[in-house]
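What Swiss-Prot says about this one:
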BINDING   GLU56, GLU86, HIS89, GLU170  Fe cation 1 binding site
BINDING   GLU86, GLU138, GLU170, HIS173  Fe cation 2 binding site
Amino acid sequence: MNRLDQLISTFDLGLRTVFATPHAGRPYPGSPQEAELSETERAHAAALMRVNHVGEVCAQALYAGQALTAKNAQVRSELERAAREETDHLAWCEQRIDELGGRKSLLNPLWFGGAFGIGVVAGLLGDKWNLGFLAETERQVEAHLDGHLQKLPEADAKSRAVVEQMKLDEAQHAQIAIAHGGASLPPPVKWAMRFAADVMRQTASRI
């Protein structure tokens, strides 16, 4: 696939990620039985799942940008494999938001565009930094999901099942990236990533 075809494919991915209904390749983790949740609990859970959905929108864009500029075919293949699992996460989060009567972030086009740009830059820095960025991203997402497991209503088993499976997948992505030669990022870069993620989470929980 030449560079123009890749750009067209990325544009198509952006449209599908932001505006279409994604389809998971794996079964939905949540139990078919819905728990009895108060309106306040449902709204709270929906806001948390909206933040998680934004994270998956960003993951689609980030991996697309990284794959576009990756120099090694094996690295590109690994990024594309991770992106396929993130599509499952995207679909699960959207389904759970719908079940809770919530809505997706209104800023999803902005999130996608920003994350794609970051992914392109990460790829241009070279494969060891590209994979290192992937590993650090997944570590931070894993920690974020662990925090959401503490915040979700105790009775909301369906949301918890989704988040727990996502957490397992993110940890595996980080391990694979390191095994393929991902470098540890400098502390200032890790801090900047956490700061940007905090801004995204605070904004997405409301808008």
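Just so it is clear, glycine is given a Cβ too, placed from its N, Cα and C backbone atoms.
This view paints the features noted in Swiss-Prot onto the structure.
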residue : record                   : Cβ neighbours (10 Å)
GLU56   : Fe cation 1 binding site : 23
GLU86   : Fe cation 1 binding site : 26
HIS89   : Fe cation 1 binding site : 26
GLU138  : Fe cation 2 binding site : 24
GLU170  : Fe cation 1 binding site : 26
HIS173  : Fe cation 2 binding site : 26
GLU86, GLU138, GLU170, HIS173 excluded, remaining Cβ within 8 Å of their centroid (Fe cation 2): ALA59, ALA82, GLU85, LEU134, THR137, VAL141, GLU142, ASP169, ALA171, GLN172, ALA174
Structural state of GLU138 (Fe cation 2 binding site), classified by DSSP into three states: helix
Integer Cα-Cα distance in angstrom, GLU56 (Fe cation 1 binding site) to GLU138 (Fe cation 2 binding site): 11
Integer Å distance between the CA atoms belonging to GLU138 (Fe cation 2 binding site) and GLU170 (Fe cation 1 binding site): 5
Whole-number Å value for how far HIS173 (Fe cation 2 binding site) lies from GLU86 (Fe cation 1 binding site) (Cα to Cα): 10
Cα separation, HIS173 (Fe cation 2 binding site) to HIS89 (Fe cation 1 binding site) (Å, whole number): 13
